[in-house]
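First the structure, in the form of structure tokens, and then the observations on it.
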Amino acid sequence: MTRECAPPAPGSGAPLSGSVLAEAAVVFVVVLSIHAAVWDRYSWCAVALAVQAFYVQYKWDRLLQQGSAVFQFRTSANSGLLPASVVMPLLGLVMKERCQTAGNPYFERFGIVVAATGMAVALFSSVLALGITRPVPTNTCVISGLAGGVIIYIMKHSLSVGEVIEVLEVLLIFVYLNMILLYLLPRCFTPGEALLVLGGISFMLNQLIKRSLTVVESQGDPVDFFLLVVLVGMVLMGIFFSTLFVFMDSGTWASSIFFHLMTCVLGLGVVLPWLHRLIRRNPLLWLFQFLFQTETRVYLLAYWSLLATLACLVVLYQNAKRSSSDSKKHQAPTIARKYFHFIVVATYIPGIIFDRPLLYVAATVCLAVFIFLEYVRYFRIKPLGHTLRSLLSLFLDERDSGPLILTHIYLLLGMSLPIWLVPRPCTQNGSLGGARALVPYAGVLAVGVGDTVASIFGSTMGEIRWPGTKKTFEGTMTSIFAQIISVALILIFDSGVDLNYSYAWILGSISTVSLLEAYTTQIDNLLLPLYLLILLMA
């Protein structure tokens, strides 16, 4: 979470603000660093994509200020097109490099498809902005067209026919999800956040469909299928109920009973059979055996249950303080909101050290629970809907301007994505040595430690502000220092981490991401771990 909201995007015809330029400079540092590390035709495509996204981002910002965007986006931030556009392409590039080093041609090609898909959805978002901008921005259209032409030409000669079809399938799903979810959920995303979130969901949905149609006995890890089925199932469930409750009142007991019954029907009649087809065994029996397979897992589950109870007690305590206060508009202070960051750090570190597959599955289950409870709150499903609305309203900030409360879900995603995204076959035989050994800790470092320390120290002791923002120099410096101390502690307690003297790259990566945190107005819980993950993998 950010310490304070940065200034709004520049108005129509106004020059780009200093914070937007500084954010762009940090993003270009990351892009050029990955380009220098990879240095192939795909990395040149990433550079071209970043250049055109920089120009188109200004058009998106102007559309948001004028209220001329097709959908209602979050207004407390700029469009964020540039930092979001390069995430998937850069992730695919570093994934390709690591899997090539590990001698895994399947995931090497998979990384190329990820990069190509990210470029395709980013170019679509750029074309959308240029298509609705009036008058037509000729110069920006030329730059975007040249970049798009280079990318399409290189990808045409690099991808097989099947891979091209896969990219187009994801793009089609992305277009439909944009039309559906941005209409149903106004003011929940910026254009960049929508690109990042919906692009990822579209890719996962396409992967699930592809694997379901080509399922082979003993192909794939059950935990990977578990994540795909659960995430896609929860998204489809949300679209189903959002459409349904357009025609009926969701706050009545009859609607609430129907909601619970349909949830059971979709879970038992769609999700479980789908998962059974993929893993070729009873999903519930497999999950039970997996969770209680070893004594260490039992201890970890008990420990995580205690932390979950502690998080609930924090929510109840803060609401009790609000009830006893004179002002009914009392909001939880920054430090109180950061309690959850400390709890999440205490949750993830033992899981990363002792049992990463268990953490992988547990994070998936937790994400499903968070999304389900948000459905209950949003639709006012009895008996918990109104209670959840009252309890969680205390922790709202300027980024929860839409009908959904997403910051806690973004926090979970930011901590989990470094665990979920790295292909495990490419982490064997020492291919994740050096700075890459810290990849699973990217969420812990960027959000759990760095962002938390920056927020607390910046809001309490910060005096020197970064130009163009309300973030402070002291907050950023303490954030970097705290992450360095955390890396030292990881080296002490996790014997599997061997940095191989790659300290300069680690320091540079942490400093770059901390500067991005200081200038970005996007959801940093989601953005920062992805950038640190990309830099550490490179």
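Cβ coordinates are placed from backbone N, Cα and C, and glycine is handled just like the others.
Within its own chain, the transmembrane segment (16-34) is flanked in space by residues 6-7, 9-10, 43, 46-47, 50, 54, 57-58, 61, 78, 82-83, 86, 90, 93-94, 466-469, 508, 512, 515-516, 519-521, 531, 534-535, 538, which lie at least six positions past its ends and keep a Cβ under 8 Å from the stretch. The feature transmembrane segment is assigned by TrEMBL to 16-34 (among others).
Beyond its flanks by at least six residues, the transmembrane segment (107-130) meets 42, 45-46, 49, 52-53, 56, 59-60, 63, 70, 79, 81, 84-100, 136-137, 140-141, 144, 148, 151, 155, 158-159, 163, 166-168, 170-171, 174-175, 191, 195, 199, 202-203, 423, 425-426 of its own chain at Cβ-Cβ distances under 8 Å. Positions annotated as transmembrane segment by TrEMBL: 107-130 (among others).
As annotated by TrEMBL, transmembrane segment applies to 136-155 (among others). Among residues of the same chain six or more beyond the transmembrane segment (136-155), those with a C-beta under 8 A of the stretch's C-beta atoms are 41-42, 44-45, 48-49, 51-52, 55-56, 58-59, 116, 119, 123, 126-127, 130, 164, 167.
Marked as transmembrane segment by TrEMBL: 167-185 (among others).
Away from its own ends, the transmembrane segment (225-248) comes close to residues 180-181, 184, 201, 204-205, 207-208, 211, 255, 259, 262-263, 266-267, 270-271, 274-275, 278-279, 283, 287, 360-361, 364-365, 367-368, 371-372, 375, 379, 420 of its chain (Cβ-Cβ under 8 Å, at least six residues beyond either end). The transmembrane segment feature in TrEMBL is assigned to 225-248 (among others).
Look at TrEMBL and you will find 257-276 (among others) tagged as transmembrane segment.
The annotation transmembrane segment is assigned in TrEMBL to 296-317 (among others).
The transmembrane segment annotation in TrEMBL covers 338-354 (among others).
Long-range contacts of the transmembrane segment (360-380) within the same chain: residues 223, 226-227, 230-231, 234, 237-238, 241, 245, 250-251, 255, 259, 263, 287, 290-291, 301, 304, 351, 386, 388-389, 392, 403-406, 408-409, 412-413, 415-416, 419-420, each at least 6 residues beyond the stretch ends and with a Cβ under 8 Å from a Cβ of the stretch. According to TrEMBL, the transmembrane segment annotation covers 360-380 (among others).
Summarising the annotation, TrEMBL assigns transmembrane segment to 401-421 (among others).
TrEMBL lists 441-461 (among others) with the feature transmembrane segment.
The transmembrane segment feature in TrEMBL is assigned to 473-493 (among others).
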Outside the transmembrane segment (401-421), six or more residues from its ends: residues with CB under 8 Å to it: 1, 74-76, 91, 95, 185-189, 227, 340-341, 344, 348, 352, 356, 359-360, 363-364, 366-367, 370-371, 374, 377-378, 392, 395, 439-444, 446-448, 523, 525-526, 528-530, 533
